[in-house]
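> This is the structure I want to talk about, given as structure tokens.
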Amino acid sequence: MAKVLVLYYSSYGHVETMAQHIAEGAKSVPGVEVTLKRVPETIPADQAKAIGVKVDQAAPVATVDELPNYDAIIFGTPTRFGNMAGQMRTFLDQTGGLWMKGALVGKIGSVFASTGTQHGGQETTITSFHTTLLHQGMVIVGVPYACSGLVNMSEITGGTPYGATTLAGADGSRQPSANELDIARYQGKHVAELAVKLAS
């Protein structure tokens with residue numbers, strides 16, 4: 001049984017929604033156990049509520065020590081100036097002990113993201129995230145162009161060969177589109193299929 005973790009940080013629910021569809025795609029693959037978790041919030045609770053952060057997310061909070069228990073980890077983050085969110089960075093900065101042991105070497109790592117605008121740094125967020133995963137010795141998996149949603153030209157949409165993305169809009173009012181969610185499910189399924197092959 002291959003084990004897949006979908007691990008995310010979401011401020012306003014966009015990445016949370018994408019994570020749920022990533023997990024749905026992974027669960028569609030036979031022989032896969034899927035876990036959905038989030039990283040801890042670093043903003044004090046009163047401040048988080050004051051700025052509208054979604055604090056009532058159902059997914060349990062992950063710990064660094066559990067990461068080696070999975071064959072594949074699909075990470076999700078909103079964009080912060082072309083990079084991952086500080087909450088995800090803080091979590092990953094605690095994985096030095098895992099790096100010392102080589103505990104994540106050979107495991108699949110994949111990334112999805114959310115940006116405020118079409119040109120808000122979705123691709124650089126994912127590719128810069130890859131640097132950390134490569135230092136951990138993980139095997140990077142993106143979204144191949146076999147996923148038809150990547151070539152959808154009928155609308156403004158997220159989605160890259162590096163990983164699924166969604167465009168939240170400058171005010172956060174736009175929710176993930178059907179095309180973006182299709183790409184998310186594809187990514188989850190694709191990673192899960194590869195995890196089964198690697199685990200066998």
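Just so you know, glycine gets a Cβ as well, placed from its N, Cα and C.
Quick paste from Swiss-Prot:
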- 4-191: domain 'Flavodoxin-like' (DOMAIN)
- 10-15, 79-81, 114-120, HIS135: FMN binding site (BINDING)
- TYR12: NAD(+) binding site (BINDING)
- TRP99: substrate binding site (BINDING)
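Walk me through where these features lie, including what they touch and how far apart they are.
For the recorded site, THR117 (FMN binding site), the DSSP three-state label reads coil. When Cβ atoms from all protein chains are considered, those within 10 Å of THR117 (FMN binding site) total 14, not counting its own.
Taking the Cβ of TYR12 (NAD(+) binding site) as centre and 10 Å as the limit, one finds 15 other Cβ atoms among all the protein chains shown.
A sphere of 10 angstroms centred on the C-beta of TRP99 (substrate binding site) encloses 14 other C-beta atoms.
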> For the C-alpha pair, I'd like the distance in angstrom between TRP99 (substrate binding site) and THR79 (FMN binding site), rounded off.
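Rounded to a whole number, the Cα-Cα distance is 25 Å.
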> If you draw a 10 Å sphere on the Cβ of GLY120 (FMN binding site), how many other Cβ atoms land inside?
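A 10 Å sphere around the Cβ of GLY120 (FMN binding site) contains 22 other Cβ atoms.
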> Please state whether DSSP places TRP99 (substrate binding site) in a helix, a strand or coil.
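The residue in question, TRP99 (substrate binding site), is helix (DSSP, three-state).
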